[in-house]
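Trainee: Below are the features I grabbed from TrEMBL:
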- E145: active site, proton donor/acceptor (ACT_SITE)
- E243: active site, proton donor/acceptor (ACT_SITE)
- 24-259: domain 'Xylose isomerase-like TIM barrel' (DOMAIN)
Amino acid sequence: MALKFAANLNFLFTEKAATIAERIRLAHQSGFRAVEIPYPEGETRDVVSAVRETGIVVSLVNLAFDKSSDQLRFGSTSVPGSEGLFQKQLDETIDFAKDVNCQKIHLTAGLLTKGQETAYTKTYTSNLKIAADSLRANQMIGVIEPINKYAVPGYFMNSYVTALGVLTEVGADNIKLLADLYHLQHIHGNVTKTLEEYKSQIGHFQIAQVPHRHEPDTAGELNYDYVFQQLREFGYNGWIGCEYKPKTTTVEGLSWISKLGYSL
């Protein structure tokens, strides 16, 4: 099965373009057929125009977030007292996703206030159940992502075991796990067996080398020749997000794709 790669525009083409719309055009010019994007606060119309102009696929969009709040800049899905904000952000993100024909939304959890783990888990589970219904009504799925403590200290969803428990409690077939192999290696290790264990729950993949989060062919802990073979055998036919920090420039770093025997 051929693997399909999408440019994550939180990380790629940032050295040349300040806006998401500009990055979409650069990704398209560089050969990408799909992109992952944050919710484009303040530039939704420009992004919709860029998507329609290029014909690029938006494979994933992150939930809208509150940049003005340290507590909420990484999402609101788990944060007690922010349920109204979460619903507003979910509605805005779904409306935008419909405009760009995106069928997958990353439901970012938010930062944990220590000592409130039980309340956060309750809020998270409740909001994900609400999201499942709204997303199903729009033929979309939501994904949740365990993020390692080195990348985002204090992020609530930082465990695959916790993620599985939450997904089981939510019990919705359109809320899935986002397996970013960069985070998975930091949190859990044992990539092959972990993917086997969580196979039925995984709805999206992202990649980067560990520990420096550069291109897959750079020196690090993961052998991507082997990893990509495992993903082919896994049977995943969706887009794989390239969520890495270019070691030099985005375009120069894209040589890893042909080097490892793939194409865009």
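The backbone N, Cα and C atoms fix where each Cβ goes, glycine too.
Keep in mind that TrEMBL annotations are predicted by a computer and have not been checked by a curator.
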Trainee: Once the chains shown are all counted, how many other Cβ atoms turn up within 10 Å of the Cβ of E243 (active site, proton donor/acceptor)?
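Mentor: There are 24 of them.
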Trainee: Any same-chain residues 6+ apart from E145 (active site, proton donor/acceptor) with CB under 8 Å of its CB? Would you list them in sequence order, or say none?
Mentor: H106, T108, M157, L177, L178, A179, D180, H183
